[in-house]
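For reference, TrEMBL has these:
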REGION    1-30  region 'Disordered'
COMPBIAS  19-30  compositional bias 'Polar residues'
TRANSMEM  57-79  transmembrane segment
TRANSMEM  159-181  transmembrane segment
TRANSMEM  193-211  transmembrane segment
TRANSMEM  223-248  transmembrane segment
TRANSMEM  254-273  transmembrane segment
TRANSMEM  280-304  transmembrane segment
TRANSMEM  388-407  transmembrane segment
TRANSMEM  483-506  transmembrane segment
TRANSMEM  518-537  transmembrane segment
TRANSMEM  549-570  transmembrane segment
REGION    595-629  region 'Disordered'
Amino acid sequence: MAVSSTPHKLRKKKKEASQPATSSNEMASSDSKAIVQSPAFPLVAFFWPARKNTSQWVILPLVLMVVGLFRWCTGLWGYSGFQTPPMHGDYEAQRHWMEVTTHLPISQWYFYDLEYWGLDYPPLTAYHSWLLGKIGSMVNPSWFALDSSRGIEQQLLKVYMRATVIVSEYLTYIPAAIILSRRLAQLRGVSKWESSIALVAILMQPATILIDHGHFQYNTIMLGFVLASMSCMLSDHPIWACTFFVAALCYKQMALYFAPAIFAYLLGVCLLPRLHIGRFIGIASITLLSFALIFAPQLLGSLYDTHRGTSQPLSTIDRHVNPLFALVLPYIDPQSLFYPLLLQLTQTIHRVFPFVRGLFEGKVANMWCAIHTIHKLHTYPIPLLQRVSLFATLMSILPACMIISLFPQKELLPWALASSAWGFFLCSFQVHEKSDLLPLLPLTILLAGDGGLGVEMRAWIGWANMLGVWTLFPLLKRDELRVPYYVLSLLWAYLMGLPPTSLDLYIGKQASKSGMRLSTKALHLTFYAVMAAWHLLEAFVEMPKGKPDLWVVLNVLIGVAGFSICYLWCTWQLILRSGVMEEWFGFRAQMQAKGTEQKEEKKALLSPGNGTRATPPREAKSGKRQKKS
C-alpha cells in the first residue's frame with residue numbers, strides 16, 4: 001500500500017556556522033599534521049563549546065554574572081582610608097559628599113568645609129552623590145548625618161556603598177562596553193563569538209576592578225559615558241556622541257584626556273570630504289546645550305537660595321579660596337542677578353581644576369614625578385611649571401589630533417584616543433596613579449576589533465594592562481588589597497595567555513607563526529622580568545635606611561619608561577594605519593619621478609641625436625634676444 005505524501009514540506013536544516021580556519025584574530029591553533037583545531041589561549045577555551053550556534057542571549061547573562069561576582073568579591077576586602085583617621089580616604093570622601101549634598105542647599109555644596117574632603121568634582125558627580133545619599137538615608141539616616149557621621153565604618157554601610165558602585169557600573173559602563181564591542185565587531189567583520197570573548201577580556205580588566213571595587217571610586221560611570229560617545233561616533237551619530245561626552249566631562253574632569261582627540265575627530269568629520277556647515281552648527285549647539293542643562297540645577301538652585309536667603313553670604317567667602325571670583329568681584333554688584341551665578345560658576349571651576357596643589361600629587365608614573373626623583377622641581381615657581389606642563393602636553397597630543405582631523409576614519413578613533421590620553425597622563429598637571437585607567441580604556445577596547453585578539457595585538461595590549469595594574473600596586477598595598485591584586489592580575493594574564501602564566505605569545509608556536517619582531521619580544525619579556533623581580537625585592541628585601549620610598553621610586557621610573565613606550569607605539573600605529581606615510585612617500589616619489597621626466601626631456605631636447613644642434617645656454621639666450629628684436 002502506497003504511503004500518502006504529507007501536505008507540508010520538511011524544512012531544510014541550516015548548516016552550522018563554524019569558525020573559519022584562518023581567523024584574523026587567530027583564535028584557534030593547530031599543528032601542521034593535525035586536522036582538529038584547539039583554542040589559542042585559555043579564554044577561548046572557555047567559549048570553545050559555544051563557537052557553533054549558541055545564542056548570545058545565553059552567553060551574555062552568564063558573562064554578566066561572572067564579571068559581577070568578581071567585582072563583589074573584590075569589594076569584600078579593604079578600601080581606601082579604612083581605619084586611618086582623621087581624613088580616612090576616597091571611601092570617606094565619596095560618603096561625605098553624599099552627606100553634604102543631602103543636607104545642605106545646593107549653593108553651599110562647593111563651599112562647605114573645604115578642608116575636610118571638599119567637593120572637587122563637576123556637578124554631575126554632585127547630583128549622583130545626592131541621589132545615592134537620599135536612597136541611603138531611607139535605609140539608615142545615621143550613615144549620612146551632617147558632621148556627626150564623619151569616619152563612620154559600619155559594615156552595612158560598606159555593603160551599601162559597594163552595591164552603589166556595582167549598580168552604577170551595570171547601568172552605564174557595562175551596557176556601553178557591550179554595545180561598543182558589538183559595534184566594532186560589525187564594523188570590522190568580527191563574529192559575535194569572538195566579540196563575546198573580547199567583551200570578557202574588557203570587563204575583566206584588573207586595573208578598573210581594583211580601583212573602583214577595591215580602592216573605591218566611581219570611575220566606570222565616566223568611562224561608560226566615554227564608551228557611549230565612542231559608540232555613537234562609530235555609528236555616525238555625532239550629536240549623541242557630544243551629549244555623552246559632555247556627560248563624561250561633567251562627571252569627572254579627567255575625561256579631558258580624550259577631549260582634544262574627540263574634538264579633532266568631530267572637526268574632521270565636519271570638514272572632510274566636504275564642508276558640512278549644518279553638522280558643525282548642530283555639534284556646537286548640542287555641546288553648549290548639554291553643558292547648560294547639566295549646570296542648570298546648580299545655577300538655578302543658587303538663585304533660589306539667594307531669594308530665600310540661604311546662600312553663602314559675602315562675608316563668609318574667602319577671596320583667596322576663589323581667585324577667579326576675586327577678579328570679577330570689583331566689577332559686579334552684590335545685589336545683581338549675575339552675582340550668585342558667577343560665584344557658583346567660578347567656585348566650581350576653581351575646585352574642579354586645583355592648579356594651586358602643585359605639579360603632581362603622590363608618586364605617579366608620569367614624566368614630572370620621574371624627573372623630580374632626579375632633579376627637584378618644587379624649587380621652581382608653580383606658574384612656570386604650569387606653562388611647561390601645558391606646552392609638553394600640547395606637543396604630546398599634537399600628532400594624534402592632527403592625524404585624526406585630517407583622516408577622520410572610524411577605525412582610527414581608539415588609537416587617537418589612546419595616544420591623546422597617554423600624552424596627558426605623561427605630561428599634564430596634577431596626575432594621579434588612578435588616571436592610567438583612561439589611556440588603558442581605548443587600548444583595551446581594541447581587543448574587540450579585527451585582529452584585536454591576534455598574537456601581536458594581544459601581546460601589546462596585554463603588556464600595557466599588566467604594566468598599568470603593576471604601577472598601582474603601591475596604592476593597593478596601602479589599602480590592604482594585595483590578595484585581590486595578585487588574584488585578578490594573574491587571572492587576567494592566564495585568560496589572555498600572557499606572562500608570567502604563559503610564554504606562548506613570545507617563545508611558543510603562536511610566536512613563531514605570528515611574525516612578531518624579536519625586538520618586541522625582548523622588550524616585553526624584559527619588562528615582565530623586571531616587574532617580577534621588583535615584587536620579589538619589595539616582598540623580601542628590607543629597604544635601606546634613609547630611603548623609605550626606594551621601591552616606590554623604582555616603580556615610578558620603570559612605569560614611566562613603559563608608559564612612554566605605550567604612547568610611542570599607539571602614536572606610531574595611528575600614523576601607519578592612517579595611510580599618511582603612504583601618501584607622503586607616494587607624493588615624494590611622484591614629485592621625484594616628475595622631476596626626472598623633466599630632466600630627461602631637457603636632455604633629449606639638447607642632445608645632437610635628435611637632428612638639432614645642442615645650443616649652449618648663453619647662445620640660446622642671445623638667439624632668443626635676436627628673435628625678439
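Positions of Cβ are set from backbone N, Cα and C atoms, glycine also.
A quick note: this is a predicted structure, and the numbers were derived from the prediction, not measured.
For the transmembrane segment (483-506), the most Cβ-contacting stretch among 193-211, 223-248, 254-273 is 193-211 (pairs under 8 Å).
Among the stretches 57-79, 223-248, 254-273, 388-407, 549-570, the one making the largest number of Cβ pairs under 8 Å with the transmembrane segment (280-304) is 223-248. Residues 363-367, 369-370, 373, 396, 415, 418-419, 422-423, 425-426, 436, 439, 443, 460, 464, 467-468, 470-471, 473-474, 523, 527, 530-531, 534, 537-538, 543 of the same chain, all 6+ positions outside the transmembrane segment (549-570), place their C-beta atoms under 8 angstroms from a C-beta of that stretch. Counting Cβ pairs closer than 8 Å to the transmembrane segment (57-79), the top stretch among 193-211, 223-248, 254-273 is 193-211. A Cβ distance under 8 Å defines the sequence-distant neighbours of the transmembrane segment (388-407), meaning residues of its chain 6+ beyond its ends; these are 260-261, 263-265, 267-268, 271-272, 359, 367-368, 413, 415-416, 419-420, 422-424, 426-429, 567, 571, 574-575, 578-580. Through the fold, the transmembrane segment (223-248) approaches residues 124, 169, 172-177, 179-180, 183-184, 187, 208, 255, 258-259, 262, 265-266, 269, 279, 282-283, 286-287, 290-291, 294, 410, 413-414, 417, 437-438, 441-442, 445 of its own chain, all at least 6 residues removed from its boundaries and within a Cβ separation under 8 Å. Residues 222, 225-226, 229, 233, 238, 241-242, 245, 248, 279-280, 283, 397, 400-402, 404-408, 413, 416-417, 419-421, 424-425, 428, 435, 438-439, 442 of the same chain lie 6 or more positions beyond the ends of the transmembrane segment (254-273) yet place their CB under 8 Å from a CB of it.
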